[in-house]
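Taken from TrEMBL as is:
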DOMAIN    8-233  domain 'CWH43-like N-terminal'
TRANSMEM  12-35  transmembrane segment
TRANSMEM  55-73  transmembrane segment
TRANSMEM  94-112  transmembrane segment
TRANSMEM  118-145  transmembrane segment
TRANSMEM  157-185  transmembrane segment
TRANSMEM  205-227  transmembrane segment
Amino acid sequence: MWWFQQGLSFLPVALVVWSAASFVFSYITAIVLHHVDPLVPYISDTGTIPPERCLFGIMLNVSTFLGMATMYVRYKQVSALSPEKPKILRLNKLGLTLGWMSCFGLCIIANFQKCILYYIHVLGACLTFGVGSIYMLVQTILSYLMQPELHSKEIFWARLAVFLWSCSSILSMFVSSVVLYSGLYGQNLVQKLHWNPQERGYTPHMISTVSEWSLAFSFLSFFLTYIRDFQKISLRAVVSLQGQTLHESPGSFRAEDQTLLIAGSI
């Protein structure tokens, strides 16, 4: 059995590989069609003009689903490992809520392009990266609280390092974007897809774009730390049959039969 076939480790693997592919394929398509500059454009700029916009949208929608599934499995794993620790359970529920909010933001980014509905796109980015960073913080705290009995110290330090990486990328991107869009470097920057190195504002633009790519890959790196944990877990779903046929009314229940749908255990 390959390492990515153990337990549910295929979920974070699929999330990371698919999301990275959505960025890379959209970037390559946009470069080949000369829709953006080859040197580190905004990720959103590579998904603005058809046909890469279509590719970008549908692939990120799939990433949204994979992210929600990965976060749910993580939630169930922590709940099963710490059933009698109220503090951990409360943080775990908070983490799931924040994680799904971040996934909803990713869905907004995928379907509302920057050059068309800028403010909605920015809202999606804030949910994805802002709320997503808080999700990473919660998971890092959980890793700290669960060590050394349930989590190794190495995993905690790895998640802490990635979280700090994402925070530094957010800060750099925020500062450079504020400087760039403050009006000091001209108008209509939202629609601008091509930059000349001699233009005013090129330096803060490059800092902002590099920070965005760094932030995106810091998020993917965080989910890579789930792989070893997910190798030790599987889930099962149980179908509850409350009647012998599908046309019986609720009042005619005779017995409740349960059929195992997906086998597995923690």
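Placement of Cβ uses the backbone N, Cα and C atoms for every residue, glycine included.
Model, not experiment: these values are computed from the prediction.
Counting C-beta pairs under 8 angstroms (sequence separation of 6 or more), the transmembrane segment (12-35) reaches the transmembrane segment (205-227) with 3 or more such pairs. Per-residue confidence over the domain 'CWH43-like N-terminal' (8-233) averages 90 (mean pLDDT, predicted model). Same-chain neighbours of the transmembrane segment (205-227): 3-4, 9, 11-13, 15-16, 19-20, 23, 39-43, 70, 74, 129, 132, 136, 139, 155, 158-159, 162-163, 165-166, 169-170, 172-173, 176-177, 180, 195, counting only residues six or more beyond its ends whose CB sits under 8 Å from a CB of the stretch.
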